[in-house]
Every structure is written in C-alpha cells, then in structure tokens.
Amino acid sequence: MASQQQTVREWSGINTFAPATQTKLLELLGNLKQEDVNSLTILVMGKGGVGKSSTVNSIIGERVVSISPFQSEGPRPVMVSRSRAGFTLNIIDTPGLIEGGYINDMALNIIKSFLLDKTIDVLLYVDRLDAYRVDNLDKLVAKAITDSFGKGIWNKAIVALTHAQFSPPDGLPYDEFFSKRSEALLQVVRSGASLKKDAQASDIPVVLIENSGRCNKNDSDEKVLPNGIAWIPHLVQTITEVALNKSESIFVDKNLIDGPNPNQRGKLWIPLIFALQYLFLAKPIEALIRRDIATETKPAWETRDVGDRK
C-alpha cells in the first residue's frame, strides 16, 4: 500500500457525515492503522453513466469530482487524496470504458498510463442496481480490466451497485431483486475475467450505494438503504476487509501494462529448440553418415592406387 505522489488535503469532508457515521469511519481507519496500513488507494472503474464520480464524492463527503447529467464524463482519470489522523485515502475516478458499444481503447490506455507506478489496494467496480439485465458489454469490461491488470485484481475487488433506493418491478422483494441482480452481474464478471468459480476471486463482495441527496435516513441521521443498512459505513467496512485480505495489492508497472514481450518470450525457447534439433535430427543424421562411410565399398581406382603404391 505504497504512498502516492499527490497533493494530500485534510479530510474535512468526513465532518459532513452524521456523528454515528463519523465514529464508524474513524474506527475503521483505526483498524487499518493497527495493521500498519497508513494509506489506501481505491480504483473506481466501470461503464459510463453508472455513478462512479458521484460515488467518489459521497465517500469523500465533498464535491471533489465535477458531474453533470448533461455532460459526458471527463476524458482523464482523477485522483483525490485526503488525510485524517495520520491515514491517507486515495480514490481514483476513471472515465467509462465503453464507447459506441465497444471498449474505449483510448480511455483504457489513458487509465493505464495514469496508474503507472501506483499501487491498487481495492478495485471498486461500479454498475447500477436498477439495470434489469446484463449483456456482452459487461463481459467486455471485465475482460478489459483483467487483460490490463491481471486476474489478481479481482481478489481485491468490490462490486458496487448504485441507485440503490430503487423499488423492484412487479412487487419483487428488495433483497430478492438485489440477490438476483448481484449474481447475474457476478456471473458475467467471472466469465469475462475467466475466473474459476472455486477461486477466491469469485468471492467478490457486492455493496449497495445511493448517492442521491434524497436518500432516506435513520434515527441517527445516517443515510440508509431500503434494507435499513447505513451504506457509507458498510461500504468503507467492506473496503477495509478487502484491503486486509490475504491477496497482494496490484502494483502497476510497465511490464504489467505492456504485458509479456512476445519477442523476448520467443527467445527463451531458442536454446531448447536447438537442443531438440540436435538430439532428434542432427545426432541421428551424424550416426547414419558415419555408418554409411564405414560400410561404403571403395571404388576400383582407389584399390588400384593402393596396390600400385605397394
């Protein structure tokens, strides 16, 4: 959980939360420090228009990323850093990965370049709860993330579903709709990322988020979901658990971004190929030549020459 080269401001936005939420957040930050974790970097990714920037603003408690329903997302990633009680929180907001029904390779390359020499402690993969179905685009996004940062990034991942203050269709119970929506999305993510079901990476936690100012509140003035959960402390608690799991954080270096060099990879096989050629081709041919020489009948002129010399 490396430190990042970034202007770090005091996390004053935490004071805008309800006192009960502040207490829980400071307790969670204290738990991280007890584990010698003094900084945390969260990478926020997903399709466009799913609420990534709003989620960053909600976690920080400030309007740190500009958002507008009438404007497209910013073309470049933004890292916001805040410090509190000796702990530094870095959150990286990124542009959507889909453009015109395909992966936006330009946006993906910009994101990878931005992340060079940074460490990803948690991936927050954002989508919407009120999306009724999954499709091939979800699979493409999961594949693009995996191809860029490796399968290991899903060991440090959380799926976050926004627009959680949502009434399911046809009177379906809220928890049942959430369960079905979560499993459908996780199944596509596993498929796109080529994850095995029995692998740790398949056990990706799913959290609910409601960024609207109209979010309901409990008696402690905390923002709560229809299931009664105070979502900001629950999200930060899940982030803490993922950050402290046994999987390693992802350090983004040039080799990770560029992938294996096919030319260099081919060079590694050259000595083995030569050895096999010698064993299975050159050596047998050499033996055949020697045998032919040994059994070859000498021509008459060579025999005469030998007799004349005598």
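Including glycine, each Cβ sits where the backbone N, Cα and C put it.
Swiss-Prot assigns the feature region 'G2' to residues 72-76, out of the candidate ranges 72-76, 217-221. Its Cβ placed at the centre, Gly49 (GTP binding site) has 12 other Cβ atoms within 10 Å. In the structure shown, the C-beta of Ser53 has more C-beta neighbours within 10 angstroms than that of any other entry among the binding-site residues Ser53, Asn211. Secondary structure of the region 'G4' (162-165) per DSSP, as helix, strand and coil residue counts: 0 helix, 1 strand, 3 coil. Within its own chain, the region 'G1' (46-53) is flanked in space by residues 65-67, 72-73, 93-98, 125-128, 137-138, 141, 162-163, 209, 211, which lie at least six positions past its ends and keep a Cβ under 8 Å from the stretch. If one looks beyond the region 'G3' (93-96) by at least 6 residues along the same chain, the residues whose Cβ comes under 8 Å of a Cβ in the stretch are 43-50, 52-53, 56, 65, 73-80, 104, 107, 110-111.
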